[in-house]
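Q: TrEMBL feature annotations, pasted as is:
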- 1-23: signal peptide (SIGNAL)
- 291-313: transmembrane segment (TRANSMEM)
- 357-384: transmembrane segment (TRANSMEM)
- 390-412: transmembrane segment (TRANSMEM)
- 433-453: transmembrane segment (TRANSMEM)
- 465-489: transmembrane segment (TRANSMEM)
- 515-541: transmembrane segment (TRANSMEM)
- 547-570: transmembrane segment (TRANSMEM)
- 582-606: transmembrane segment (TRANSMEM)
- 626-652: transmembrane segment (TRANSMEM)
Amino acid sequence: MGSLGKSMIWVVVICLIFESGNGFYLPGSYPHKYGVGDTLSVKVNSLTSIDTEMPFSYYSLPFCKPQEGVKDSAENLGELLMGDRIENSPYRFKMYTNETEIFMCKTSPLSADEFKLLKKRIDEMYQVNLILDNLPAIRYTKRDNFLLRWTGYPVGIKVQDAYYVFNHLKLTVLVRKYEETNVARVMGTGDAAEMIPGGNGVGGSGEPGYMVVGFEVVPCSVQHDMNAIKDSKMYDKYPGKINCDPATVSMAIKESQPIAFTYEVSFVESDIKWPSRWDAYLKMEGSKVHWFSILNSLMVITFLAGIVLVIFLRTVRRDLTRYEELDKEAQAQMNEELSGWKLVVGDVFRAPSYPSLLCVMVGDGIQLLGMGVVTIMFAALGFMSPASRGTLLTGMVFFYLVLGIAAGYVAVRLWRTIGCGDHKGWVSVSWKAACFFPGIAFLILTFLNFLLWGSHSTGAIPFSLYVILILLWFCISVPLTLIGGYFGAKAPHIEYPVRTNQIPREIPPQKYPSWLLVLGAGTLPFGTLFIELFFIMSSLWMGRVYYVFGFLFIVLILLVVVCAEVSLVLTYMHLCVEDWKWWWKSFFASGSVAIYIFLYSINYLIFDLKSLSGPVSATLYLGYSLFMVLAIMLVTGTVGFLSSFWFVHYLFSSVKLD
């Protein structure tokens, strides 16, 4: 391939990585072509709220149910882990056929429990999430001359002391004429079970077809005439004119009184292209501030870290160069007057305390780091679009399982290196690497799952999924980790450049506790990601779509570089004051960033999630945050330790001191 062809490939790859809101989709599915009059079925997702971490089934509230009964849609592993429950709904209409005043149902008189539950869900600001052709319903509101986008619509609203339910929906479907091109056949996304391959018209008849490129909803609270609809059936014409005004509410809920639900739908032709139909969901408010803040943060942190690294390398290089320029007699005299890091030559590679635990944590850190890098790369290239719900989490689980072989290899090889080539106990180290992080995660998630079960939330992991996760753990991850450990036991260990004395050298007293400096070192890595962390937290807890994986990949690379530099500098500082116990300190020098992330999570809970309802929701939030920071600690700590190990090995290999 010529240089021009390679250049074009790199241009395409770069464009794909930074594509954040232009609706790019890779091959794997295709647009659904609907003919005029074809039935469109709307699905419902779990009720969600920014005030609580517990999703609930749509049909847990007194809403209309479909005539054929409630049925679950096909779900993948990621959707189940996220608590998404997608079910069919009674909302249905025909392509390109406008309809108004469609009666859906009248509920039974509200019982005391239903009335109380409905008020509670309104207080907690629960949202109803509708899905048409894999597109969530989007709602637009104006505030201070700004147009705000929301997915879904609220169950109801409280005005003074009265509760009103939104019982009439004004639905707008944006459509575009089907384009019969080769690109349209292979690009896009959608519910694969409902896809119809494109042909020459609907069913090959050549008739014009349409694609769904937008789905909008306007909820209204309308007081219906219950006597007029007492004999009406589902999908009958409502006997009267319905005025949908979102600025007014009139359907107050009362105990022992029924609720009537209606809807209307209109179709509007749009110039939105099918691959770009997700643009409205991917555009974040304040995006210019988002990009500017990230780039500014990256440049500042890179500049500061570069200065530290340059100064550090110049100091070490000058020290080594001056030593190498001396003749043998001068070197012998200098060895008698050694100071700083040269004095710990006989102890610098002394085995640390709890060596097996260190090996296990480093192995698990490599596994998590590899999972993060590969997942973000695939997401940046569009393979894990938010249009395909659950694929991101499913991919993370898959990559984590496969990379168990890397965890076992690194853990066992480090174990053999610390043991100077002795492979005894490698099976135990491999088992611990396979069970350490998954075991802690299993305990945290089990505790949180009991809370969700007790609250009857759809976010609870079903027992069958628990069995599947355990089987994946012990049938895939554990064997692969043992295989990696086997290769690590067969691989040559890293030989130390200097001998270790039998009697450990006494560490002189320090002016300041060394661990205080270690814990404070996490502030610099935290500075590289705290802005991006805000958008990630908003995506996780406020239902916003996160799709800037290109910039996230850059932040990850910068985080790795800064963690390596910080740990490396602190290790050199400890050696200069004759502190040879650098193993664990190098790990936690960069791993301490997890402490600041957890503190930031608490700050986010207090100031950004002020209305989080109840201790159960707060416990769920803190539990998931603890799970997240544990993974971050292992990743950043591993990067810091491996960079320090390489540096110490290189430093003492460069000069003969013994």
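Keep in mind that glycine also has a Cβ here, set from the backbone N, Cα and C atoms.
Could you place these features in context, so I can see how deep they sit and what lies close by?
A: Only residues 6 or more beyond the boundaries of the transmembrane segment (357-384), in the same chain, are considered here, and those with a CB under 8 A from a CB of the stretch are 13, 16-17, 19, 24-26, 391-392, 395-396, 399-400, 403-404, 406-412, 414-415, 418, 429, 432-433, 436-437, 481, 549-550, 552-553, 556, 560, 583-584, 587, 631, 634-639, 641-642.
For the transmembrane segment (390-412), the residues of the chain that approach it from at least six positions outside its boundaries are 75-82, 84, 359-360, 362-364, 366-368, 370-371, 374-375, 378-379, 383-384, 423, 426, 429-430, 432-434, 472, 476-478, 480-489, 491, judged by C-beta separation under 8 angstroms.
Counting residues 6+ beyond its ends, the transmembrane segment (433-453) has Cβ neighbours under 8 Å at 54, 83, 359-361, 363-364, 367-368, 404, 407-408, 411-412, 459-461, 473, 477-478, 481-482, 485, 616, 619-620, 623-624, 626-627, 630-631, 634 in the same chain.
For the transmembrane segment (465-489), the residues of the chain that approach it from at least six positions outside its boundaries are 77, 80-81, 363, 397, 400-402, 404-413, 415-416, 423, 426-427, 429-431, 433-435, 438, 442, judged by C-beta separation under 8 angstroms.
Away from its own ends, the transmembrane segment (582-606) comes close to residues 348, 352-353, 358, 361-362, 514-515, 518-523, 525-526, 530, 533-534, 537, 541, 563-564, 566-568, 570-571, 574-575, 612, 618, 621-622, 625-626, 628-630, 632-634, 636-641, 643-645, 648 of its chain (Cβ-Cβ under 8 Å, at least six residues beyond either end).
Listed as Cβ neighbours of the transmembrane segment (626-652) (distance under 8 Å, sequence separation of 6 or more from its ends, same chain) are residues 316, 320, 341, 345, 348-349, 358, 361-362, 364-366, 368-369, 372, 437, 440-441, 444-445, 494, 496-498, 525, 559-560, 563-568, 571-572, 575, 582-583, 586-595, 597-598, 601.
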